[in-house]
Amino acid sequence: MQSYIAVNIDMASLKMLICVCVAILIPSTLSQDSHGIAGIIDPRDTASMDVGKISFSEAIGSGAPKEPQIRNRIFACSSPTGASVARLAQPRHCHRHADSTNMTEGIAVVFKQNIAPYVFNVTLYYKHITTVTTWALFSRPQITNEYVTRVPIDYHEIVRIDRSGECSSKATYHKNFMFFEAYDNDEAEKKLPLVPSLLRSTVSKAFHTTNFTKRHQTLGYRTSTSVDCVVEYLQARSVYPYDYFGMATGDTVEISPFYTKNTTGPRRHSVYRDYRFLEIANYQVRDLETGQIRPPKKRNFLTDEQFTIGWDAMEEKESVCTLSKWIEVPEAVRVSYKNSYHFSLKDMTMTFSSGKQPFNISRLHLAECVPTIASEAIDGIFARKYSSTHVRSGDIEYYLGSGGFLIAFQKLMSHGLAEMYLEEAQRQNHLPRGRERRQAAGRRTASLQSGPQGDRITTHSSATFAMLQFAYDKIQAHVNELIGNLLEAWCELQNRQLIVWHEMKKLNPNSLMTSLFGQPVSARLLGDIVAVSKCIEIPIENIRMQDSMRMPGDPTMCYTRPVLIFRYSSSPESQFSANSTENHNLDILGQLGEHNEILQGRNLIEPCMINHRRYFLLGENYLLYEDYTFVRQVNASEIEEVSIFINLNATILEDLDFVPVEVYTREELRDTGTLNYDDVVRYQNIYNKRFRDIDTVIRGDRGDAIFRAIADFFGNTLGEVGKALGTVVMTAAAAVISTVSGIASFLSNPFAALGIGIAVVVSIILGLLAFKYVMNLKSNPVQVLFPGAVPPAGTPPRPSRRYYKDEEEVEEDSDEDDRILATRVLKGLELLHKDEQKARRQKARFSAFAKNMRNLFRRKPRTKEDDYPLLEYPSWAEESEDE
C-alpha cells in the first residue's frame, strides 16, 4: 500500500512537469493540429496506405485492417514489489518405462444369445363336426341353429390316413363323460379321399374330405350333420426352455417338443397323462400332396381335447443351441492388461473386455454347437488368409466378454517368428551345426503338419507354443525398451531446457515469466526467485501518443521508445480504480514497451542519432518513426513475417465414422415369440372363410349384474344372514331369469308360434261346446242326463184310445207308460250305482295300499277287515230288493 501511494505521488509530479514542458519547450516540428499531444489511438481506424507527412492523430484515424493477426490488447505493467513471487521447478528424475502392453493377434468368432425360436413341422389331425338346423317353407332355407366343434382322430385311423390317404366319414368322440357318434350327411360310414384345400398359406397346408356344412329340405325343419376330416401341415415354434410350443392356428400345446418316455435323465415338461402320448418307432408318413411315403422315423403323437398332433421325435442337444454365431473377425487383437483382456475388432469399431481365465464352455446348457461352429469358421478363415504365412498357436480359447458375448479366439504366429526362435534356442543349447539343421527340420516337420485346412501344430503343440511365446516376448521386450529410451530421452531434454530457463530469467525476466504464465506479467529478480506482478489491460481509448520522441529541454537526448499518456480504466475489474474512485481521471506518463506493454515512466533514453528509423508495435499495427518523429502507421501485413516455429511432421488421427451395429435384426426380433402374429391372423381369416354362413351371435344382458350387486349389498351389510339372503335372491332371480329366457326362446321359435295359435283356436271351440252343454243341462237336465226318456218338445203325442175304448182301457194304457218310465229310471239308477261302486272299490284299493305302506313303516299288523272293507248299499237299493 505504501509503494502504491508513492507511485501516485510520482505520477502527479510527472504530470505537472509534463504540462510545464509542453507549454514552454514544445518542439517546432510538431504540427499545429496536434499541439504536441496525439489524440486517442484506435488502431481499428487506421489505414494501410502511406499518406505521407500527416499528424499522428490523422494517421490513427485512417482505419485498421480487416483481418488482424496480432492481438489488439495493450497492458500496463508496474514494477513488482515482491508481494507475489515464483520459482522455477527443479529437474525431475527420469523414469525408465520398461513395461509395455502385450498384444496377441489371431482370429475371433463372436457368439451371441440365440433368441430365435425352434421351428419344426407338425401334422394336425381332427374332424370338424358341424350340426346345422334349417327351416324352409317353399322358399329359401334359413339357418336357425348351428353347432361347430373339433374332435381328435384316434391313432388307428391316423395310421389308415397316412397309409391310404383316406379318412372315415364317421366321428367318435367323448364329451361330458359320454361317447357320441356323428356321421357325415347322416349317412352310413364310408371312406372319403383327402383332397387339398384351396385356402393355404406359406406356413400351413390343409387337406379335407368335404366342403358342405348345411343340408335342407323343401318344407319344415331339418337338422343335418357334416363331418369334415382335416389334416394340416403346420409349423410349430418353441422358445427356451422349450416347455411348450405353439402353432400357426393359435393353439398351444403344453408339452415339450423333446418329450420322451424312454429317458434316463430328467423328463421334460408335460401336463398330459401318459395314455395321451404315444411314441412309435419306424413310423412312415405319407405326403398327402405328392403321395410319396417318407423314410421311417420315430414319431410322436399327442391326443388333445380338439385334435391329435404328430411330429418327429428329436434329440434336444442336436436340434437346438442357446448360442448363435454373430460375426467372424479375421483380424483380431487381444491386448493384455493387468486384470483383463481386451479384444479389439477394428473392422467392427468395437472392443470386448473379459477376464484372463478362459471360460469353461461345458458349463453352458445346450451349447454343444459352439465348438463345431467356431472350429468350422476359424478353419475357413485360416485356409483362405493365413495358411501360407502363419501357424496356429494352441487350441481355440473361449472368453466370456462384457455384455453377454462369447468370444472364440485362435492365436496365430508367423513363420518368421517361429524360425527365429528355433535358431535362438539352438544357439543357447550349443548344438553342432549339422545336427542343428537336422533337428530343426525334424521339429518343423513334427510340429507343423500341412493339411487341407492349413498348417497346424499337433505333436509338440504346447512346447512349440511356449517357445514361440518366448520369441515373441523377446521381440516385445526390445520394442518396449526402445519406447522407454525415447521417453527417458525426452525427460532428459526437459531437464536440460530447464537450465536454459534459469539463465534466461537473469536476462529478461519479463519475457520469460510472460511466456510461462501465458499472460502479460511484470517480473524482476529477487535473488533466486522472481517477483511477479499482473499487468492491467488499458483500453485503447485511454491512450494518447506523442508525435515526437525527442526530450524537451535537451536536443541531444531522445527517447528510445515512443512516449505516451494513459489512464487506468474506471471499470470495477481494474485494480487501480478499486483503491480510489478519482484515480481514473489521473493522466500517467509512460512509454510504449515491447509486445503492447506500457512502461510507467520515461526512463528509456539515448543520444539522438542521425537517420533514425524505427518501427514500434501498437495494437495490431506498427508505428513508423523517422528522425524521432511519427511518420505513419504501417499494417502488419506489409511487413514480411519470419516464423521461428518448426512444423512437426506428424500424422493426425483419421476420421472414423461410428456406424450402428445391430446385434439382432428386425427379422430375428419378430421371430422371438412362440406365436407369429401374422401367421395367426392369416390362419384365422382363412378359417373364417371356410364357413361363410356363420353369423355373429349377440347375447343381451339378462340382468345378472344387477342381482349380483344386490346380493353383494346384502352380504356386505347384513353379514352371514345377508349372504344367505343374497344367495336366496340370486337363486330366485336365476330361476325367474331362466323361466323368462325359456319362454322368450320358445316364443321366438316359429313352430312355437304356430302351435300356440292352433291351441288357442281349439280352446275357443272347446269352450263354446262346453258352454252349450252347460246351458242344455240347466234347461232340461233329464233329457241331457237320460236322452230318450222324455220325448223332445214338438213330438206329437201317441194317439189315445179313449175315444174308441172304455175308460178301463185308457187307465191301463197310462199305467203301462208309467211302468216303462220307471223301468228306465231304475236302469239309470243302476248304472249310477255301478259307477259309484266302481269308484269306491278303486278308492278302497288305494286306501288299502296306503294303509299297508303305513303299517309297513310302523310295523303294525294288518287285519283282514282292513284289507277287504265291506261295501254299504244305499237304502233305495234295499227297498228295490224287497219289492
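Positions of Cβ are set from backbone N, Cα and C atoms, glycine also.
Quick caveat, the model's predicted, so the values are computed rather than measured.
Features of the protein shown, as given by Swiss-Prot:
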type	residues	note
SIGNAL	1-31	signal peptide
TOPO_DOM	32-750	topological domain 'Virion surface'
DISULFID	Cys77-Cys535	disulfide bond
DISULFID	Cys94-Cys491	disulfide bond
CARBOHYD	Asn102	N-linked glycosylation site
CARBOHYD	Asn121	N-linked glycosylation site
REGION	134-140	region 'Involved in fusion and/or binding to host membrane'
DISULFID	Cys167-Cys229	disulfide bond
CARBOHYD	Asn211	N-linked glycosylation site
REGION	216-223	region 'Involved in fusion and/or binding to host membrane'
CARBOHYD	Asn262	N-linked glycosylation site
DISULFID	Cys321-Cys369	disulfide bond
CARBOHYD	Asn360	N-linked glycosylation site
REGION	428-457	region 'Disordered'
DISULFID	Cys558-Cys608	disulfide bond
CARBOHYD	Asn579	N-linked glycosylation site
CARBOHYD	Asn635	N-linked glycosylation site
CARBOHYD	Asn649	N-linked glycosylation site
REGION	694-748	region 'Hydrophobic membrane proximal region'
REGION	724-744	region 'Hydrophobic membrane proximal region'
TRANSMEM	751-771	transmembrane segment
TOPO_DOM	772-883	topological domain 'Intravirion'
REGION	791-817	region 'Disordered'
COMPBIAS	806-817	compositional bias 'Acidic residues'
MOTIF	868-871	motif 'Internalization motif'
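Sequence features annotated in Swiss-Prot and their locations in the structure.
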residue: Asn121; record: N-linked glycosylation site; Cβ contacts under 8 Å, 6 or more apart: Tyr233, Leu234, Gln235, Ala236, Trp311, Asp312
residue: Cys167; record: disulfide bond; Cβ contacts under 8 Å, 6 or more apart: Lys127, Ile153, Glu157, Arg160, Ile161, Lys191, Leu192, Leu194, Thr209, Cys229, Val231
residue: Asn211; record: N-linked glycosylation site; Cβ contacts under 8 Å, 6 or more apart: Asp228
residue: Asn262; record: N-linked glycosylation site; Cβ contacts under 8 Å, 6 or more apart: Glu279
residue: Asn360; record: N-linked glycosylation site; Cβ contacts under 8 Å, 6 or more apart: Tyr398
residue: Cys369; record: disulfide bond; Cβ contacts under 8 Å, 6 or more apart: Cys321, Leu323
residue: Cys558; record: disulfide bond; Cβ contacts under 8 Å, 6 or more apart: Met549, Arg550, Met551, Ile605, Glu606, Pro607, Cys608, Met609, His612, Tyr628
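Only residues 6 or more beyond the boundaries of the transmembrane segment (751-771), in the same chain, are considered here, and those with a CB under 8 A from a CB of the stretch are 221. When pLDDT values are averaged over the motif 'Internalization motif' (868-871), the model yields 43. Most Cβ neighbours within 10 Å, among the disulfide-bonded residues Cys229, Cys321, Cys535, Cys608: Cys229 holds that distinction in the structure as shown. Across the region 'Involved in fusion and/or binding to host membrane' (134-140), DSSP classifies residues as 0 helix, 4 strand, 3 coil.
By a simple count of nearby Cβ atoms, those within 10 Å, the most crowded of the glycosylation sites Asn102, Asn635 is Asn635. In three-state terms derived from DSSP, Asn635 (N-linked glycosylation site) belongs to neither a helical nor a strand segment and is classed as coil. Of all Cβ atoms in the protein chains displayed, 16 besides its own lie within 10 Å of the Cβ of Cys491 (disulfide bond).
Cys491 (disulfide bond) and Asn102 (N-linked glycosylation site) have their C-alpha atoms 24 Å apart, to the nearest angstrom. When the region 'Hydrophobic membrane proximal region' (724-744) is classified with DSSP, helix, strand and coil residues number 21 helix, 0 strand, 0 coil.
When the Cα atoms are compared, Asn102 (N-linked glycosylation site) and Cys535 (disulfide bond) turn out to be 52 Å apart. Across the structure, Cys535 (disulfide bond) and Asn635 (N-linked glycosylation site) are spaced 26 Å apart at their Cα atoms.
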